[in-house]
Amino acid sequence: MRHLSSPPWPLLLLLLLSSFTSGESSLSAEKNKLHTGGLSRQSFPKGFVFGTATSAYQVEGETHQDGRGPSIWDAFVKIPGKIAKNATAEITVDQYHRYKEDVDLMKKLNFDAYRFSISWSRIFPEGSGKVNWKGVAYYNRLIDYMVQKGITPYANLYHYDLPLALENKYKGLLGRQVVKDFADYAEFCYKTFGDRVKNWMTFNEPRVVAALGYDNGIFAPGRCSKAFGNCTEGNSATEPYIVTHHLILAHAAAVQRYRKYYQAKQKGRVGILLDFVWYEPLTRSKADNLAAQRARDFHIGWFIHPLVYGEYPKTMQNIVKERLPKFTEKEVKMVKGSIDFVGINQYTTYYMSEPHPTTKPKDLGYQQDWNVEFGFAKLGKPIGPRAYSSWLYNVPWGMYKALMYMKERYGNPTMILSENGMDDPGNVTLAQGLHDTTRIKYYKDYLTNLKKARDDGANVVGYFAWSLLDNFEWLSGYTSRFGIVYVDYKTLKRYPKMSAQWFKQLLKRNNK
C-alpha cells in the first residue's frame, strides 16, 4: 500500500492560496451585500437627519400597569379573529423596560434621531382630567436617556391609540369634544417635555384611522356600513369624513396652542404624519390619469389640501357633496398653514385605472367614492417585487414621484420621510431573519430615489426607517417583521440584522 504523505509543497502552496482567495471572496461577498450603492451620509446635506421609528402601542408593552388606561386597540385586540393568532400588545417587545438597550442600539448604528409616540392613555388614563404621573415619568426617562446619548427625540402624539374612555364617553373621534381634549393633551406634553423635545407630530396616518376604522372597520374602533365590512355599527358614507374633519381641527388646535404659548420660548416645530401611496395611471388614457388623480386627492389630498389651502380638494367636494363637512371661516384661518413640516410615510405604489363598466354604487362609502380600480401589475408584469405583506410592493420610483408631487402641488413644504420599510414573515428563523439582503436592496433603492428628489428640489430634511425593531404589526400581530433589528419574542433578545449593519455603514461620520 502506497504511503499517503503530505502533498508536495507547490501543491500545498496552491491549496493555501485557493483557500485564502475563497475566504477572501466570501468576505468580499459579505461586504458587497453591505455596499451602500454610492450612498453615504455625505450624499445628503449637512443637518439631514437619519432616524428610525416606532409607536407606543407596537413596542412599549406594559399596557395594564403603572396607571395606563386602556386604548381602543386594547379593546379591539380582545375580539377573537381580529388579529392574526389572536395576538395582543401586552408585552410586545417591552420597550417600557428596555428603552436604554434600544437607545444604545440606535447610537451604535449611527442614527441621529428616534421617532417614537406617546400613549395618550398612559398620560391621561381617562383621556382628560387626572394625570398619570408614572406614565409621565416613563417618557421623561426615555427622553432624558435619548438626549444623554445624543439621539434627537421626535415625539408623535397619536398613533391609532385613542383612550377607550373617550370612545365610551362621546364616541371618540366622532365627537366634536375630541378637538379640545386632544389640544389639552398636546399642550400638557409641550409643557412637560418641550424643554427637550423640539420636533412634535400631532397624528400618524390620520387617513388610515378614518378609512380603516370607519369605512371598512378592519382597525379599531371597527365601525362601518354592513356592505363594506363585518361591523355591528357605523356609516361608511359619512363617518370617515366626520372623523377626518375632527382630526384636522384637533391637529390645528394643537398647533395653535404651541404657536401661541410655547414656540417662541421652546423654539420647536409641529407637523403631521401622512401616509402616501403613489398612484400611477395604468395607461396613458385620460380616464386612467383622472382615476389616479382622484386617488391622490382622496388619499393625501384629503389632509394636506386643507392644511395648505384651507379646503378639501375640489374633486372630493364634487363627489362627496353634502356628506363632506365644511370649515367655517374661523376654522379655515386655524387650519390653513398649520404645519411647520409634514411627514410622509411612503412604502409602495399601485396602478390606478377607470373601473369598467362604470356603474353607480348601491352603497356609499369613502373607498367607494374614489371610483377607481387598483392594479398591482401591467400587462402581466408586477409593479415590483412583493414583500411579505400583500399591500407592499418594492417600487422605489414611487418615492421620487410622491416627493416631487408634494413639491409641485403643495408649495414644497419642509418634509421628513417619516416611515419607509418592508417586512419579512414572522416565522423566519434567526439565521434567515438576520440575512435580510432584500431589505437592504429596498432601502438602497428608496434612498437613492429620495436623494434624486432632493437633488431636484424637494425640500426633504430627514429620513426615518420603519422600524427599529420587529414588533406588534396591528392586524398581522407577530406574523410580520419590519425591524432592522430581529427580536426573539420568547426571550425579547435583540439581534441587529444585516440591514442594521448596512445603515451603520451608510451613516458613518467622517471622523469615524
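Sequential numbering from 1, following the chain as shown.
Here the Cβ of each residue, glycine as well, is placed from N, Cα and C on the backbone.
Site annotation (Swiss-Prot, ligand beta-D-glucoside) includes Q58, H159, N204, E205, Y347, E419, W466, E473, W474; from F50, F341, F482, the additional listed residue is F482. A disulfide bond in Swiss-Prot ties C224 to one cysteine from C189, C231, and that cysteine is C231. Between the listed recorded positions, namely Q58, N427, the fewest other CB atoms within 10 angstroms of a CB are found at N427. Each residue in A53, S55, N345, S467 lies on the same chain as Q58, H159, N204, E205, Y347, E419, W466, E473, W474, F482 and has a C-beta within 8 Å of the C-beta centroid of that beta-D-glucoside site, without being one of the site residues.
Put simply, N86 (N-linked glycosylation site) is 18 Å from C231 (disulfide bond) when counted between their Cα atoms. With N204 (beta-D-glucoside binding site) as the anchor, the candidate recorded positions are N86, C224, N230, E419, N427, and the one with the nearest CA is E419. Under the DSSP three-state reduction, N230 (N-linked glycosylation site) is assigned to coil, being neither helix nor strand. Non-local contacts of E205 (active site, proton donor) by the CB criterion (under 8 A, 6+ apart in sequence, same chain) comprise H159, Y160, L273, L274, D275, N345. For the pair formed by N230 (N-linked glycosylation site) and W474 (beta-D-glucoside binding site), distance between Cα atoms is given as 17 Å, rounded to the nearest Å. Of all Cβ atoms in the shown protein chains, 26 besides its own fall within 10 Å of the Cβ of Y347 (beta-D-glucoside binding site).
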